[in-house]
Amino acid sequence: MKHLVAAWLLVGLSLGVPQFGKGDICNPNPCENGGICLSGLADDSFSCECPEGFAGPNCSSVVEVASDEEKPTSAGPCIPNPCHNGGTCEISEAYRGDTFIGYVCKCPRGFNGIHCQHNINECEAEPCRNGGICTDLVANYSCECPGEFMGRNCQYKCSGPLGIEGGIISNQQITASSTHRALFGLQKWYPYYARLNKKGLINAWTAAENDRWPWIQINLQRKMRVTGVITQGAKRIGSPEYIKSYKIAYSNDGKTWAMYKVKGTNEEMVFRGNVDNNTPYANSFTPPIKAQYVRLYPQICRRHCTLRMELLGCELSGCSEPLGMKSGHIQDYQITASSVFRTLNMDMFTWEPRKARLDKQGKVNAWTSGHNDQSQWLQVDLLVPTKVTGIITQGAKDFGHVQFVGSYKLAYSNDGEHWMVHQDEKQRKDKVFQGNFDNDTHRKNVIDPPIYARFIRILPWSWYGRITLRSELLGCAEEE
């Protein structure tokens, strides 16, 4: 038997098996019947590799060996289970190359080693994207994402405009502690003028001069993930005015408020504001805010507290970023339509489908159908099946004539031939989405449940003037 153990030691070293413990744990050897002691395991001080015919924690149990014609008995190298961390022991007649007994351990996700004794460090594979910080856990990992990203691997971007500038957020959703009145009350700098890049003589919100604790508030109408804010000043009577610094508060009911604080402290965060009246300045929230109401409290102002702004973020579920109509990521050839209108029947005034991009500028800046009927459609080919969670629509003007789609349906397909119309789950019929009421304001609709498809069609159902459309699709390219 001594010669057999010595031979095992020699062969084991040449094959690269785990080294035997040299400390007090394995010296003297606690394994009986020629068992080999292994130390350095995750959840036990040592483990015994038992020779054929023996089993148990110390190789003290005799195994009943079956003949070639018989099926193995219930006793064997897998009783008791030598595998750690929930590993499954399987009897193996094949020579495995790293041990001398007839079994292998099938390890659960997150563990490896001969006996599943090692916790895998998943962070070594760098699963967290977009600057996320990985923390290794037992058989798992977690990603701490920057404010503008979310998802298990920080794979979803969450920094789109929430609609102050575009008009998705209505006037009624923007309120303030006070309003400045000038020129004997003829000029009123209302809170709903606080829209980023707003033009005109009165183009921002200004707090009243006697307002000692001014604030402006946005009601998002539902709980959303807010990851940042863009601020901008304005000129009033030729004089630059802007907010140099501010604080942020948030609430879910509009009554109980919490101040945004420096991460890991009880100190209220003071955000840097603007340095002139026109240049936008952005701040991100890490961690992000999850709330329905957001308030901005000016701290230091130049002359008067004057503001234009936009909130950034996404729906709580994420996956609500623009898919590329406005940015051009969706290319011209991917956008097609049922028909096209030409003003004065001139090619230079052709309202092609490729022009149906949100906020497109120019004299011919949208898609207009050649016919005004409910058989018209605008189609976007996303090239691969994509999760679509929302849509933004906008009208346009044709030589001063206001035109827009007042309502529409959505259809989707994966092959471009067989189509399904998105259904209203409660009423069990085709969903009719509310469209626009003018030529310029953005109108956003959430698609719930989301559509998962390659092709999307907008089916105009009612319209003003001619069927005219600019649009953006919202969603994400993957679902992990």
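Cβ atoms are placed via backbone N, Cα and C, with glycine included.
Small disclaimer: the values here were computed from a predicted structure and weren't measured.
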Swiss-Prot pairs Cys116 with one of Cys107, Cys123 in a disulfide bond, so which one is it?
Cys107
What does Swiss-Prot give as the disulfide partner of Cys128, choosing from Cys143, Cys145?
Cys143
Looking only at Cys83, Cys89, which is named in Swiss-Prot as the disulfide mate of Cys78?
Cys89
Name the residue among Asn58, Asn140 that Swiss-Prot annotates as N-linked glycosylation site.
Asn140
Choose one of Cys301, Cys314: the cysteine that Swiss-Prot connects to Cys305 by a disulfide bond.
Cys301
In the structure shown, with every protein chain counted, which of the disulfide-bonded residues Cys48, Cys78, Cys134, Cys158 has the densest set of Cβ atoms within 10 angstroms of its Cβ?
Cys158
How many helix, strand and coil residues does the domain 'EGF-like 1' (24-60) contain under DSSP?
0 helix, 10 strand, 27 coil
Cβ atoms within 10 Å, counted per site: which of Cys37, Cys301, Cys305 has the most, among these disulfide-bonded residues?
Cys305
Select the closest residue to Cys123 (disulfide bond) from the following disulfide-bonded residues, measuring between CA atoms: Cys31, Cys48, Cys116, Cys158, Cys476.
Cys116
Calculate the per-residue pLDDT averaged over the domain 'F5/8 type C 2' (319-476) and state the result as an integer.
94
Of the recorded positions listed here (Cys31, Thr88, Cys107, Cys134), which is spatially closest to Asn140 (N-linked glycosylation site) when Cα positions are compared?
Cys134
Where DSSP helix means H, G or I and strand means E or B, what are the helix, strand and coil counts for the domain 'EGF-like 3' (119-155)?
4 helix, 13 strand, 20 coil
